[in-house]
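Trainee: Let me begin by handing over the structure; questions about it come next.
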Amino acid sequence: MAEQLAGDRVIDGVHYHQNDIVIIGAGGAGMRAAIEAAQGADTAVITKLYPTRSHTGAAQGGMAAALANVEEDGWEWHTYDTVKGGDYLVDQDSAEILAKEAIEAVLDLENMGLPFNRTEEGKIDQRRFGGHTRDHGKAPVRRACYAADRTGHMILQTLYQNCVKHGVKFYNEYYALDMTMTEVDGAMRPSSIVALDLKTGDLHVFRAKAFIFATGGFGKIYKTTSNAHTLTGDGMGIVWRKGLPLEDMEFYQFHPTGLAGLGILLTEGARGEGAILRNASGERFMERYAPTIKDLAPRDIVARSMVQEVLDGRGGGPNKDYVYLDCTHLGAEVLETKLPDITEFARTYLGVDPVVEPVPVYPTAHYAMGGIPTNNEAEVLADNETVVPGLYAAGECACVSVHGSNRLGTNSLLDINVFGKRSGRNAVEYVKAADFVDLPDDPAKFVRELVDRLRTSTGTESVAGLRRELQETMDINAQVFRTSETLTEAARVIHSLRERYPQISVHDKGKRFNTELLEAIELGFLLDLAEVLVYCAMKREESRGGHMRDDFPERDDKNWMHHTMAYLTGEPTSPDPSDHIRLDKKDVRFTRYEPTERKY
Ligand SMILES: Cc1cc2nc3c(=O)[nH]c(=O)nc-3n(C[C@H](O)[C@H](O)[C@H](O)COP(=O)(O)OP(=O)(O)OC[C@H]3O[C@@H](n4cnc5c(N)ncnc54)[C@H](O)[C@@H]3O)c2cc1C
């Protein structure tokens, strides 16, 4: 644009702001980044939710770090577990960073004031979690630091308080909907984020030298999910629409213990404290699937075993469609003190009291292993190697890749702290030397047109209707078990929903607090991401970690030991996504662990 702006200004109804660093998202990753960034540069955070309402606050069970406070442990064992847990698709140098820096990450939080549960001697207490073992798989180890079953809540509150202390500027209830990019010396660089202020409906252009995406996951592509209503993958969608790649999107995690029929999460910390999964006849079936660590096997294995029990007719309830989480032997005191929230969830939502009866559970869509590809410095990649200058990503929206094809429980709260911190620190270094990039002539054009189109549409489709159809097809066709047939059906439905999407109309034509309009835009992101997931899953003809193909049940290291990089190349013209999505491969980085058969 002709006039490049320095301070906050309003031109033609659009508000312009300028900061050194703009962070999109105020969950754990965004706020951990902000604490670093604000100490070295002028930093603003844009967030569609009030920071303390971000999904990180719903995390229950814990954050992994080999502190060895209650028994022998070490970062090398943690690295091994992370690599094996991810079914060897983890970049091993990244996993080493995660496990080594875990210790500092926990101590940082402790120093910021986080009230962890303590041992009798006053050290941070640690509990068991799935896939975390001593000495390369010999037995479960106590590695998860926790604050009852409200660990994420405590992390989020602690980080927020420290952001306030460091003077981070928050733009609460601002929805980032687009990123402008400008070519500089032959490379595309981000120049601004365009956001809509929920309260007024006004558009805001945030210019900065560096941007950090920390927008979380996209579990709302599924109907049965542990994820909050707001987890619609906006950040990933914005980056995707710019032609930048998304990595490993076929790997989506199903958490074993969702409340049956609802998907609300019961933390794996329950099994960490000793709870047991049983089928309808009371059998502890995990003994058959993972004889060494049983109920504490990684989530992909436990979720598959549960579904298998149901498929084989051993499920409970009138429709035999769930199994049970038995906590009765833990006793009321453990449940009320170490697992109070989930005890209450079971009572409130299912009318079942875990103190005296087993709780009906079934896998629930939980976590995106894939996302915006970054290197170990949290810099976003434009292809397998090239960094996009000034663009960073961290947390669930990013793919480093420390989780490979299946994330271990408690490694996400860790990921957001380790790589959130790295992104903030590196962005500060970057902006010291970098200039602002020129803005395009009318940076808000794309969002203005999108919003106007939705607001004035007279079509007959509804947001809720299309979203329900999307979620239902994903639950049926892209779940724990998949086949070429089910995935092709999902792709067909998604294509038809995309064709109907322009016919959406919103009842609320106003500007202020128009959540219906924003849900329509979020649905657009959900459709994009569901399609990429399904297409990558169709193409990966093997089973690994969270991706289980019934028609290709074995892991195939010869042909598939690589990451998937997906690129948007044009407009869809048919139900076959190959006309507008290109898939590429990216090597997995190995340091010391050769892939072996994955037994637990
Ligand atoms: C119920 C539940 C329990 C969990 N328990 C654990 C656990 O015990 N241990 C563990 O390690 N992991 C756990 N996880 C996973 C972990 O909590 C998440 O992966 C992690 O907290 C994600 O953090 P984040 O900062 O990346 O994203 P989030 O915390 O989801 O934050 C995303 C932020 O992005 C903002 N945002 C999104 N879109 C936009 C937009 N368009 N414009 C502006 N802002 C936007 C939101 O406002 C929000 O502030 C759990 C997850 C769930 C759902």
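Going from the start of the chain as shown, residues are counted 1 onward.
A Cβ is built for glycine as well, from the same backbone N, Cα and C atoms used for every other residue.
Annotations for this protein, taken from TrEMBL, read as follows:
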type: DOMAIN; residues: 20-413; note: domain 'FAD-dependent oxidoreductase 2 FAD-binding'
type: BINDING; residues: 25-30, 47-62, ASP234, GLU396, 412-413; note: FAD binding site
type: MOD_RES; residues: HIS55; note: tele-8alpha-FAD histidine
type: BINDING; residues: HIS255, THR267, HIS366, ARG407; note: substrate binding site
type: ACT_SITE; residues: ARG299; note: active site, proton acceptor
Trainee: When DSSP is mapped onto helix/strand/coil, what comes out for HIS255 (substrate binding site)?
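Mentor: Looking at the DSSP assignment, HIS255 (substrate binding site) belongs to a strand.
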Trainee: Taking only the recorded positions HIS55, GLY57, GLY61, HIS255, which have a CB closer than 6 angstroms to any atom that belongs to ligand 1?
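Mentor: So the answer is HIS55, GLY61.
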Trainee: Among the binding-site residues GLY25, LEU49, GLY61, which ones place their C-alpha within 10 angstroms of the C-alpha of THR267 (substrate binding site)?
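Mentor: Checking Cα-Cα distances against THR267 (substrate binding site), the binding-site residues within 10 Å turn out to be GLY61.
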Trainee: Would you list, in sequence order, the recorded positions among GLY25, HIS55, GLY57, GLY61, ARG299 whose CA lies within 10 Å of the CA of ARG407 (substrate binding site)?
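Mentor: Matched recorded positions: ARG299, sequence order.
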Trainee: Across all chains shown, how many C-beta atoms besides its own are within 10 angstroms of the C-beta of ALA29 (FAD binding site)?
Mentor: 36
Trainee: Can you tell me the three-state DSSP label for HIS366 (substrate binding site)?
Mentor: strand
Trainee: Going along the chain, which residues six or more apart from GLY25 (FAD binding site) have their CB under 8 A from its CB?
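Mentor: In sequence order, the residues whose Cβ lies under 8 Å from that of GLY25 (FAD binding site) (at least 6 apart) are VAL45, ILE46, THR47, SER54, PHE213, ALA214, THR215, GLY216, GLY235, GLY395, CYS397.
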Trainee: Let me know the model's mean pLDDT on the domain 'FAD-dependent oxidoreductase 2 FAD-binding' (20-413).
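Mentor: Summing pLDDT over the domain 'FAD-dependent oxidoreductase 2 FAD-binding' (20-413) and dividing by its length gives 97.
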Trainee: Counting distance between Cα atoms, which of the recorded positions HIS255, ARG299, HIS366 is nearest GLY57 (FAD binding site)?
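Mentor: Result: the closest of the recorded positions to GLY57 (FAD binding site) is HIS366.
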Trainee: Compare all C-alpha positions of HIS255, THR267, HIS366, ARG407, the record's substrate binders, and send over the largest distance in angstrom.
Mentor: 14
